[in-house]
Amino acid sequence: MLLFQKTLSRVAAPISVAANLILILLIIFKSPAQMGNYKYLLIGLSIFEMSYAVLDVVSETTVLSIKKSFVVVVPYKDRSFGQETAMDINLIYCGFFGFSMGMFVVIFAYRSFLTTGNTILRKFEGFKIISWFAYPLFYAIVWILVAWGPLASFPEMDIVVRPFLLDELNMTVDEVAYTGRLFYSTIDNSLRYSAILTGVLQWVLTASSLFLVIFFGLRCYFHYGKLVQLTDVQSIRLRQLQNQLFLALVCQATVPLILMHIPVTILYTCCVLNIVFNPFSVATTIALFPAIDPLPTIFIVKNYRVALFEFVCPSCLCWSETLKHMGSNRITSYRSNTVNALSM
C-alpha cells in the first residue's frame, strides 16, 4: 500500500505542475478584462498547489493512524537529508495543510466583495492584493507552531509509535521525523490537555474557515440572482463570466473539502474514539488534491476552455463552431417558417 501511495504521488505531482502552469498561462493571456485583480489570487492559488505537489513527492509523507493517536511521518532513511531537515519538511507539510484552509476563504471573500461592489477592494489594487495572503498564512503559522510544540515527538510517544513504524514502514523512530497527537497518556490513561486544547484550536479554525466559505458563497449566489434582471449586452456577458467563475470556485473548494478536510476530520474523530483509521487514505487523497483542483477553472471558464481547445485541437473547435452555427441557422429557419405559416 505504501508503494501505491508513493507511485500515486509521483504521478499526481507532474500532472499538478502541468495543469497549474497551463492555468497560469491562461489566466495571464486569456483572462477577460472584467476579472481584474481576481486573477492574481488564482495565480497565487496555482503556485501554492504546484508547491504542495512538489513537497508531497520530496517529503514522501505518510499519515499513520495508531488507535489513540495519529502521526505525520517523513522518513529520512537512505535519503540525502537528515533528521533536522526531515522535521523541517514535516512542519512545512503541516503548514501547507493549514494554508489550504485559509486560501479558499480569501478567494470567496474577494468574489463576494467584487460582486457586491464593496469599495474596500479599491485599497488593494494592483500587487497590493498580495496582502490578502496574510490570512491563509496565519492558518499555516498556527499549524506549524502546533506541530512544532504540542505535537512534537517525546519519549512516551516514541514507545507508542515504534511498533507501528516497524510494521508499516519497516523503520525505527531514529529513521523518521514525525509529529503527532496523543490524546490519552499510555501510563495512566489520563487526558493530555495540550493535545486536546490544540485540537480544539485547530477544529475552531477549520470550522470558521468552512463557515466563512459558505457565508461569502451565499452572498455571491444571491447577488447573481439580481444580475439576471439586467438585459443589456454588457451586463449579460458580465453575468455569464461571474457565473462561470463562481461555479469554478465552488468546484475548486469542493475538491480539498472532500480530499483533505473530511478525511482528516474523520482521522481526528477516530483517534478520540480509539479506532484505527485506514492510514494511507488520508495521505493518498491529499496527494490528489493539487492535481485535480485546477481542472474546474480550466474547463468551466469559457475563455480558458476555448483557448485550450484552440491549442490542443483546432479542428475540433472548428467542427464545434460549425455545428453551433448549423443549429442556430436551423432554429432561425424554423422560427421564420412558423411565423410565415401563422401569418397565412
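Cβ coordinates come from backbone N, Cα and C, glycine included.
In the three-state DSSP assignment, the secondary structure recorded for ASN170 (N-linked glycosylation site) is coil. Of all Cβ atoms in the protein chains displayed, 11 besides its own lie within 10 Å of the Cβ of ASN170 (N-linked glycosylation site). For ASN170, the entry in Swiss-Prot reads N-linked glycosylation site, with the evidence type sequence analysis.
Same-chain residues lying 6 or more positions outside the topological domain 'Extracellular' (1-10) and placing a CB less than 8 Å from one of its CB atoms are 56-57, 60, 62, 168-169, 280, 283-284, 287-288. Annotated topological domain 'Extracellular' per Swiss-Prot: 1-10 (among others), in sequence order.
Taken together, the residues in the topological domain 'Cytoplasmic' (32-39) have a mean pLDDT of 84 on the 0 to 100 scale. For 32-39 (among others), the entry in Swiss-Prot reads topological domain 'Cytoplasmic', with the evidence type a curator's inference.
Helix, strand and coil residue tallies for the topological domain 'Extracellular' (61-88), in that order: 6 helix, 12 strand, 10 coil [DSSP]. Sequence annotations record features per position, and here Swiss-Prot assigns topological domain 'Extracellular' to 61-88 (among others).
Residues or ranges marked as topological domain 'Cytoplasmic' by Swiss-Prot: 110-128 (among others). Here the topological domain 'Cytoplasmic' (110-128) has long-range neighbours at 36-38, 40-41, 216-217, 219-220, 223-224, 242, 245-246, 249, meaning same-chain residues at least 6 beyond its ends whose C-beta is under 8 angstroms from one of its own.
Sequence annotations record features per position, and here Swiss-Prot assigns topological domain 'Extracellular' to 150-195 (among others).
Summarising the annotation, Swiss-Prot assigns topological domain 'Cytoplasmic' to 217-256 (among others).
The annotation topological domain 'Cytoplasmic' is assigned in Swiss-Prot to 301-344 (among others).
Per Swiss-Prot, transmembrane segment is recorded for 11-31 (among others), and the stated evidence type is sequence analysis.
Residues annotated as transmembrane segment in Swiss-Prot, with sequence analysis given as evidence: 40-60 (among others).
Among the features that Swiss-Prot reports, transmembrane segment is placed at 89-109 (among others). With a threshold of 8 Å between CB atoms, the same-chain residues lying at least 6 positions outside the transmembrane segment (89-109) that come near it are 41-42, 45, 48, 51-52, 55-56, 58-59, 61, 72-74, 81, 132-133, 135-144, 146-148, 177-179, 205-206, 209, 212-213, 216-217, 220, 249, 252-253, 256, 260-261, 264, 286, 289.
Per Swiss-Prot, transmembrane segment is recorded for 129-149 (among others).
Annotation source Swiss-Prot lists transmembrane segment at 196-216 (among others), citing sequence analysis. When Cβ-Cβ distances below 8 Å are used as the criterion, the transmembrane segment (196-216) is approached by residues 98, 101-102, 104-105, 108-109, 111-112, 139, 142-143, 146, 149-151, 181, 183, 253, 257, 261, 265, 268 of the same chain, each at least six residues removed from its ends.
Residues annotated as transmembrane segment in Swiss-Prot, with sequence analysis given as evidence: 257-277 (among others).
If you look up Swiss-Prot, you'll see 280-300 (among others) marked as transmembrane segment, on the strength of sequence analysis.
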Using a Cβ cut-off of under 8 Å, list the residues of the same chain at least 6 residues beyond the transmembrane segment (257-277) that approach it.
63, 65-70, 97, 100-101, 181, 183-184, 199, 203, 206, 210, 285-286, 288-289, 292
For the transmembrane segment (11-31), give me same-chain residues lying six or more residues beyond its boundaries with a C-beta closer than 8 angstroms to one of its C-beta atoms, as numbers and ranges.
39, 42-43, 46-47, 49-50, 52-54, 56-57, 287-288, 290-291, 294-295, 297-298, 303-304, 307-308
Same chain, outside the transmembrane segment (129-149) by at least 6, Cβ under 8 Å from its Cβ: which residues?
37, 40-41, 44, 72, 90-92, 94-103, 105-106, 110, 179, 198, 201-202, 205, 209
